[in-house]
Each structure stands twice: as structure tokens, then as C-alpha cells.
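Copied from Swiss-Prot, the annotated features are:
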| type | residues | note |
| --- | --- | --- |
| BINDING | CYS24, CYS27, CYS40, CYS43 | Zn(2+) binding site |
Amino acid sequence: MAKTALKNKAAAKPKFKVRAYTRCQVCGRPHSVYRKFGLCRICLREKAHRGELPGVTKSSW
């Protein structure tokens with residue numbers, strides 16, 4: 001889990017646009033965040049398995 005200070009820092013509007021970065025809305029993880037959902041890969045997988053994300057299905061090929 002991310003520290004509260006880092007979550008707040010990411011939420012604040014930066015002075016320069018290039019300093020902005022995405023964090024997971026659930027756990028605050030800064031890496032591998034899917035912009036479409038606002039979730040990291042781990043939280044995305046958990047929510048998809050529980051059926052909390054409509055339209056997301058497990059792929060099979």
C-alpha cells in the first residue's frame with residue numbers, strides 16, 4: 001500500500017505537466033496502471049474475477 005502522503009502528492013496538480021503520473025485508485029500503486037479503469041494490474045484482475053467490472057471477460061485463445 002502506498003503512503004498517504006504519496007497519494008496526496010499524486011492527486012495534487014503539478015506545476016509542470018510532465019510531473020503528473022497515475023496511481024491506482026484502490027491501492028495507490030504507481031506502476032502498471034490502466035488509464036481506462038484507473039486500476040493497477042493486480043486490482044484490475046481481482047475486480048474482474050469478482051465480476052465488478054462490467055464487460056471485462058477472461059480471454060481464451
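Glycine is no exception: its Cβ is also placed from the backbone N, Cα and C atoms.
Same-chain residues with CB within 8 A of the center of the CYS24, CYS27, CYS40, CYS43 CB atoms, the Zn(2+) site residues themselves not counted, are ARG23, GLN25, VAL26, GLY28, ARG29, VAL33, LEU39, ARG41, ILE42, LEU44.
Neighbour counts were taken as the number of other C-beta atoms within 10 angstroms of each residue's C-beta; across the binding-site residues CYS27, CYS43, the minimum falls on CYS27. Secondary structure at CYS40 (Zn(2+) binding site), taken from DSSP and collapsed to helix, strand or coil, is strand. For CYS40 (Zn(2+) binding site), the same-chain residues 6+ apart in sequence whose C-beta sits under 8 angstroms from its C-beta are CYS24, VAL26, CYS27, ARG29, HIS31, SER32, VAL33, TYR34.
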